[in-house]
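According to TrEMBL, the features are:
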{"type": "DOMAIN", "residues": "9-71", "note": "domain 'TRAM'"}
{"type": "BINDING", "residues": "Q273, F303, D324, D370", "note": "S-adenosyl-L-methionine binding site"}
{"type": "ACT_SITE", "residues": "C422", "note": "active site, nucleophile"}
Amino acid sequence: MTAAPRKSRKRPSSSPLEAIVHALGDRGDGLARPASGGERLFYVAGALPGERVRLRPQGRKGDGEIAELEAVIEASAERVDPPCPHAALCGGCDLQHLDPPALADWKRDKVVRALAHRGLGTVTVDQTLSLPAGTRRRLSVGLRGRARHGVCGFFARESHRLIDTPHCLLPTPPLAALMEHLRRALPGFLAPAAEGTALMTETETGIDLRLDLPTAPELTGREALAALAEDADLARLTLTIAGGSEEPVALRRAPKLTLGGTPVLPPPGPFLQPSVDGERALTDLVLAAFEDLPAGAVIADLFCGLGTFALPLAARGFKLRGWDIESSAIGALGATAPARAGKVQATTRDLFRRPLVAEELAGWSGVVLDPPRAGAKAQVEALAAAGPGPLGAPVRPSILGIVGGAPAAAATGPSVIVLVSCAPASFARDARALVDGGYRIDWVRPVDQFTWSHHVEVVARFSRG
């Protein structure tokens, strides 16, 4: 994950002071107040609750001040030595200094607090399912040209400064090796001080690499890119210039993924769960949520992407319809064997601007949503407005385009909804809308596949109340 630098209003640093840390903020910063008393609030990266620290204020941030941690005077029992040598500078990981069990508890509490903020404080949240480091098969890193070895890594905290991270513990070994290949190759196609990004995905046939560079490389630069593809044994190398259209540079093997037992040929740089273990954990939870639905029931996969959930559900005998804004992902899903056999239908649609409305929701037994970080406010409100429908409600063929089922008597909503979210705040907002629409929350499970960061995934099952 490329950690985007946080914006703040900087001012010259002031004199250090001692403070007591009373909590962790949602971004993993210690929340501290002066040990001498007073209402000043400091956001202190690297500090833990219960600690007495010496900090130096740096500038305003919202209702408080950013502060640099200068020393831990009295340490928390939950403090550990960060395992990564880059932890002090790199902004890719926020919480390597927190004991893993305590980190899992904090991530669960983050979900609990988000739900309570929406008036859902009585909802039971299960323990966090934590996944190990060294399993990231999809990673976005920053690049900077230098005369010799280039820089390949993540932004420093609260900064636009790129940190080289040759010993990063997050990626799989093949991606870690590619980062070193990039460092050596960068001088050949990225000018000194110029910056770009690399999105790398490990597939079953090799690494799929997409580079975004500020300017188009000359002939020698393109030769360097071709050499990189050969030396790093890439499956595919794709180039974009300043976020523009994609240009194939090398296709040595077709990248391939397997989702639900189905081979998928992804487009360059697709959305994908960051690890195979994380994908498996989320998929198992989604499958379990629908296990009470009858065979042949219709399930809609909203924000379906390549079919991470649609294809495993189709393999269980359900009929799937998927929608996503990314036409390239829909094309890849539509080309799979289940789609060609009519078990999965995939449609391009912007569900933020054009959420599926009540009439279109008629007859579905279940819905799974996996929206971006902003959540699915408009679509969830449409689901809530449709109302819970009867278990295994009949299908309206004119709307669903799937053979079988009698016309529905009324536009009723699905009996089971599964919400997958990577942001507790938007998850809680969307959960509130579903509860207000007549659904009950059956269970909530945090999944930590963003190791050592403040991010956490959430999966929840909703059924008719």
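Cβ coordinates are placed from backbone N, Cα and C, and glycine is handled just like the others.
Bear in mind that TrEMBL entries carry predicted annotations, made automatically and left uncurated.
Projection of TrEMBL feature records onto the structure.
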residue : record                               : DSSP (3 states)
Q273    : S-adenosyl-L-methionine binding site : coil
F303    : S-adenosyl-L-methionine binding site : coil
D324    : S-adenosyl-L-methionine binding site : strand
D370    : S-adenosyl-L-methionine binding site : coil
C422    : active site, nucleophile             : coil
Roughly how many Å separate the Cα of D370 (S-adenosyl-L-methionine binding site) from that of the residue listed as 'active site, nucleophile', to the nearest whole number?
8
Write out, in the order they occur in the sequence, the residues of the chain not among Q273, F303, D324, D370 that have a C-beta within 8 Å of the mean position of the C-beta atoms of the recorded S-adenosyl-L-methionine site.
F271, D301, C304, G305, T308, F309, P371, V420
Could you measure the widest C-alpha to C-alpha distance across Q273, F303, D324, D370, the residues recorded as binding S-adenosyl-L-methionine, and give it to a whole number of angstrom?
16
For F303 (S-adenosyl-L-methionine binding site), which residues of its chain lie six or more apart in sequence with Cβ-Cβ distance below 8 Å?
W323, D324, I325, L351, L369, D370, P371, P372, A376
Which residues, sitting 6 or more apart from the residue listed as 'active site, nucleophile' on the same chain, put a CB under 8 Å from its CB?
P372, R373, H455, V456, E457, V458
Express the predicted model's confidence over the domain 'TRAM' (9-71) as a mean pLDDT, rounded to an integer.
92
